[in-house]
């Protein structure tokens, strides 16, 4: 049960006897707290400073992320303080790690503005990460109540509508990022788009840092890219697209670029995570109003999500971005060049795609989550993947994903079209083997070799990249498995 009236009265009396008292005694720790359905829950990994009790550290985090300051203030008496104080209610030691603890904290829903990621984050991650009582702090997971989720739009388009719009079913989407990401002229850029799409890809995309530089202004890029899309679509008889990056210095500039992308016929536009939560939500609202797919590149996330003891787990970003309303987000490959533990990435993908998730500690899911019918976000796998890994990608990531082969398309010795064809044939041969009931994971290399007998570009790709892998142990691994998993 929650604290009794007598207990609360005693605590209130005690806290006004002195200027500074421990957070736990101020009401920010309640081991008997009964969680409400409407509470927002957060799970922090805390590393207290030497000599700081983990319960006091947890209470301090609860206090500083809700109503507290460093000393008693009499104006607390003018508010419903017992309601508005966040409550740390559980502290568990992190398995097999000394001096780290998982702190569970509950926040009343009325502490947050409806439909605002900016307001949510101002409390949850706004000030507490610099707090001296903790040596390090990491936000691992959150649970959003249905009542709160219903105040958010969610993905502008969603997976189901995107498949219908693209007329692509029963397999992952195929894409590639234009390379080199910087330096091409508009005409050459458009040629890359055309070649990749004509060779069999569904999408080409801008990279995170191509905006409107002196070597190629944004209008030039948009026009040449869409010329490539239209010509390739006509030649292939398929619906195709190119992610036009509308990221810019101001919202006015982004709206202008997004409107132009719509005018020239694009079905999808792109933004970067670094534009900020308010800008992301604003663009998601625009995308839904204008019937556009919205792709989000997670540029900058590893500055705070990669280290295991401080920052924020990427699964939290996945949750916030599903609420904010993006349709795509880069979420890891497992086998590529970027950070990606298999169990962690499975948790990211489930967060983006599932209507409801249960507690799954090996995947880092600390709370059950009902997504209140918000649409699905399509995960994007990119960074160091190639055709020879197709069986692993299909096994780890499933069908509901965009597989993006940048260097694995444009680096093909026989040209961009050949690289795209190699990836398309590799994917379709693997999907066919799976649908026939074969053990496509164990037989994957042989399935690819058989397909390559009638596809020269695939054979060339397999020969070129057969020895390429990125076998590094991930820095962010599961806490609840015996042996940390690694890239394979």
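Keep in mind that glycine also has a Cβ here, set from the backbone N, Cα and C atoms.
Annotated features in Swiss-Prot:
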| type | residues | note |
| --- | --- | --- |
| ACT_SITE | 179 | active site, proton acceptor |
| ACT_SITE | 297 | active site, proton acceptor |
| BINDING | 127, 177, 181, 298, 330, 382 | substrate binding site |
| BINDING | 205, 207, 208 | Mg(2+) binding site |
| MOD_RES | 205 | N6-carboxylysine |
| SITE | 337 | site 'Transition state stabilizer' |
Counting across all protein chains, other CB atoms within 10 angstroms of the CB of residue 208 (Mg(2+) binding site) number 20
For residue 177 (substrate binding site), what is the secondary structure state per DSSP, taken as helix, strand or coil? strand
Distant-in-sequence Cβ neighbours of residue 330 (substrate binding site), under 8 Å, six or more positions away: 296, 297, 298, 379, 380, 381, 382, 383
Cα-Cα, residue 205 (Mg(2+) binding site) versus residue 127 (substrate binding site), nearest Å, comes out at 36
Cα-to-Cα gap, residue 179 (active site, proton acceptor) vs residue 207 (Mg(2+) binding site), nearest whole Å: 8
Greatest C-beta neighbour count within 10 angstroms, which of the recorded positions 179, 297, 298: 297
Expressed in Å to no decimal places, the gap between the Cα atoms of residue 207 (Mg(2+) binding site) and residue 127 (substrate binding site) is 32
In the same chain, outside 205, 207, 208, whose C-beta lies within 8 angstroms of the Cβ mean position for the Mg(2+) site? 177, 178, 181, 206, 209, 210, 243, 245, 270, 297
Cβ atoms within 10 Å, counted per site: which of 181, 205 has the most, among these binding-site residues? 205
Using DSSP with the three-state reduction, classify residue 207 (Mg(2+) binding site) as helix, strand or coil. coil
Is it possible to get the count of other C-beta atoms within 10 angstroms of the C-beta of residue 177 (substrate binding site)? 24
Set of same-chain residues at least 6 away whose C-beta sits under 8 angstroms from residue 127 (substrate binding site): 64, 65
Can you tell which of the binding-site residues (207, 382) has the fewest other C-beta atoms within 10 angstroms of its C-beta? 207
